[in-house]
Amino acid sequence: MRRLAAPRSEPEARGELGRHVWSLVAGLLPLLLIILVGLIVALLNSSGLMSPSIRLGTYLKVAIPDRFLAQSPLLQLLELVFFTVFVAGLFSLAVWMQRRSSDALARSIVKGLHRRVLQQSLRRAEVEGAAAQYVRVEQLISAHLPQIQAGLSMWFRAIPRSIVTLLGSVIVGLLVNVWLAVLAVIFGVLLWLLYQWLSVSDEDEVLDWEVPRSRQRMAEIVGQAPLLARLQTQGMADRAFGAELESLYRRLSSEQSRHSRLWPILFFCGALAVGILILGLGGNLLVGDNGLSVPAAFVLGLSLTSAVVGIHRLVQLSGQLKISDESSDSVYSYLRQSEDAPASEQRVGLVGLRKSLDVSDVSLHDSIGRSILSNFSLKLKPASLVAILGTDSVSTRALTELMMGFGRPHEGQLSIDDIPLLDIHPKALSRNVMWVDPSGPLWDGTIEENVRGGDSGFNNSDVMNVLERLDVYDRLQRLPEGLNTFITLGDGQLQEETTYAIGIARAMLHKPSVLIVVEPSSPAEHLPEDPTLACLKKLSQNGSLVIVLPRRLQTLRSADRVVLLNGPRLAGEGKHSELLANSDLYRHLNYLLFNPYRHKKTHASD
């Protein structure tokens, strides 16, 4: 068992002294409570404590101070009960503090792992692509990291507290009476083995597969019954359904019969074990003087119960660790540094796009070997508006991700001004290549901060001018706080057309060398002029290479060049009018995407 060794070695796991102190206190105080209960029972059994040494077992003796012996039995009882309640309160405080510190430590470690996952996703995106990170990271964040946190929290709560309680309880039981304690442990182990033998069976796995399959088959027969009746099959559906029904309930009856005898057998065996222990205890009480008494019996019973509780907590921890260790392996496998990613210090800078962005014989396939791009070549020059349209959105999206430096082609390469894209420092790429999509994208902050894109060097007038140019300034000013309105990722305050315009405004201010745009669908109302498209054209006229994944016919008509993909392959390129004249595929795509009656026809056919 790996016991979550890697997460417990994280820097956030240091400084556990306080947790260990509370854990030790919470582990030892139950033993003190057991002794105090034994003294109270001894006091009640003998109407007062008279001896300076109270014997609670064969080897367990408790010294009593003379001051306490001098008191009346009632005062002795009051003092013992008060002290026991005080210790119980201290135990409750220790458990609470240990639980708080354990949960806080687990949260701190897992929060650190969340941050490391984010940083690693940025590095892995350079090799595997940005889209691939979403699927893997979603599984890590939604499933594996919570399991690690649950395992860490349970580990910190159980270790060393449960071990201390278990060992201490066993020692107290042995001090009361060695043979009875050993006998109780043996009976406990035998009962556990009997439970495992009776409850775990290979038939369970078979039933878990056969029962759902049988019920599904019955549902299929019910669905086919009307059709079979039309064929006059002489009750075939009834016979098949009846046979499947009998088979199902035969299996269920066997399973229920096996489970129905589990607890009666365990109860009988447990009663037999308790009876033998009582006989052993009674024999020691009634015959001879070996230190056993009714108070000693209470102490023995409580110590064994405490040991069982400690074992139960450790068994729960073991079950959780099986799940959490697998989750830990998944997380740390993802966090392991990719050997394919070159060190940042070995990469070069980039000063704009001067000649071209080249895609040279690039081939890319997914995890199951399906081709996404096949021997794809393209040369894109600055000061141009290029639309990329394809039959498969995965291929066009993968191509744009490669242009942003995310992922690596299996063959060929991409370069900017003859510099391989993989040799350019990620920070240099982020300064020169910008991304805009229908969601902006936006991040947590004010609208103005989103427009500025983290750069406070732009004048307020610059921000206002680009927003007015995009025809969203008045719309944004009508919000409760205007441009100071706080928005978040996926915020519902703004419509898609507005968030898209904010992304374009950010690009207008930063003037990137390469701008990649995922266009939203056309707005419901027809606009004679699209201000976002006008801004994209203005950026291309000022020297930027603007690459658009188009969703609007007007964009295709305005593009300097349209690149057409058929699946993973280049199918043609040229102006919109040229492709309409020369390409059946392009005409078909235009009909599917931009025919104003396509939705009505679809509804009519439905």
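Every residue, even glycine, has its Cβ placed from backbone N, Cα and C.
Taken straight from TrEMBL:
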DOMAIN    21-321  domain 'ABC transmembrane type-1'
DOMAIN    357-592  domain 'ABC transporter'
TRANSMEM  21-44  transmembrane segment
TRANSMEM  74-97  transmembrane segment
TRANSMEM  163-195  transmembrane segment
TRANSMEM  262-287  transmembrane segment
TRANSMEM  294-315  transmembrane segment
Original post:
Do we see three or more Cβ pairs under 8 Å linking the transmembrane segment (294-315) and the transmembrane segment (74-97), pairs being at least 6 apart in sequence?
Top reply: no
Subject >> Long-range neighbours of the transmembrane segment (74-97), counting only residues six or more past its ends (CB under 8 A) >> reply: 22, 25-26, 29-30, 32-33, 36-37, 39-40, 43-44, 48-49, 68
**OP:** Determine which residues of the chain contact the transmembrane segment (21-44) at the Cβ level, with the cut-off under 8 Å and only residues 6 or more beyond its ends counted.
**Re:** 54, 56, 62, 73, 76-77, 80-81, 83-84, 87-88, 90-91, 94-95, 97-98, 101, 156-157, 159-165, 168-169, 172, 293-296, 298-299, 302-303, 306
